[in-house]
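Below you'll find the structure, written out as structure tokens, and then a few comments.
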Ligand code: SF4
């Protein structure tokens, strides 16, 4: 198969240069060094972008914000060290019919979608482990089957929890000497590996948020994660299937290839400034790296693959497709 | 009757592929609003120079149509609507003729005299082609309007019966006909995508 053309190329940019300003110049977005004297740092055609992530002391010109609004460009704000602070979401982002379909989903329909996501996640966890030669994943196989036959969301959450525990237990075996994975800790991440995982989940969550917004889904209305004020539940749901195969695999690659070392962390387990820049660059390359799509067999970047999942999710919600089809890799 | 008037430019979308129009109509309301506003302001600024007229906005309750004619030529006492097209292939589509027929019918209604001919201007080749509007064209326009007005969000039109059209279709990256054929072969039954995988 051939991929549809012109999809989402260069659709996300990151601005990390402190003291930079994002401006518009005709049909282009220009990142300008206002504090220093380097002038134009980069420029991008406006109609290609849908997300701009800025870190720390970066600001926007007023005409730029107006343009971003007009073109439906989402702006995500992070601290200089990658902690998420908030977003600017353009107003044209709702399409009544999509929202109506999303609000009208029955419990059963939500469960069916969530089952595909969790079963997909478990499948991908197994695949990552077996790519790394880790054995003993049969339990995961059984849990995958169970996910598809659970009849309540609580049961499904239970299955997911059990699978996660098994999987993280085995993840340690994928790491090179000098690195260990004890257990998953979140707030705060207690070691370097957990810190990298948390950071990567934040970045992937933002990829997924952009994708959902691009297709006008309400990211705050989940199918499995409980709706809690201010939590993008649907993004967390859709993120599940990407966690092992994209996020964890990325972290494993960073440490196994020695891109990130223990020396790159500060006392509080956060990456040092220089290491964080490297991390960002690697993450961006990783999302733009091409792979063969496991279902469609054409070449796509990871970013495109994620965005296509948002399309498939929307189609499942608006009844264009019978069911949600998660992105699963079987080898 | 309070049925929504159909936009002449959407006749083209629908004639090309009903599913494409369905996406546009139900899932891209913003774009449409924009078009409507633009149509209005341009109409107010309409200019008349020499023997041609720019940007004429017309509506007809009777036909169920509305639309903006780009250029109206006044040739020896005859009025000829001109539709400008970008066409990389150097030719226009059948659906462009349908759109042109829509303009001719609107104009007829407005002028109260027959308009039997329109023209398509192609940027690429700087060519202007005259297109006689037949009863067939008119019938197609009426059928399209009917079909478009009775479309609902819950009745999803099938994929096109001519997969070639998908190649040039801007809705493709969202529509995903070939991908659907893979994931849910049932959904493409009876369309041009059946059996193509
Ligand atoms: S991609 Fe094909 S089926 Fe889909 S809207 Fe376009 S022409 Fe129609």
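From the backbone N, Cα and C atoms, a Cβ is placed for every residue, glycine too.
Taken from TrEMBL, the feature Mn(2+) binding site applies to A:160, A:225, A:240.
Location within the structure of each feature annotated in TrEMBL.
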{"residue": "A:160", "record": "Mn(2+) binding site", "CB count, 10 Å": "21"}
{"residue": "A:225", "record": "Mn(2+) binding site", "CB count, 10 Å": "18"}
{"residue": "A:240", "record": "Mn(2+) binding site", "CB count, 10 Å": "23"}
>> So, three-state DSSP: helix, strand or coil for residue A:240 (Mn(2+) binding site)?
In response: coil
> Applying the rule Cβ within 8 Å of the centroid of the Cβ atoms of A:160, A:225, A:240, what extra residues of the same chain belong around the Mn(2+) site?
Replying inline: A:114, A:117, A:118, A:121, A:157, A:224, A:236, A:237
>> Need the DSSP three-state call for residue A:225 (Mn(2+) binding site) to compare against my parser.
In response: coil
> Can you check what DSSP calls residue A:160 (Mn(2+) binding site), collapsed to helix, strand or coil?
Replying inline: helix
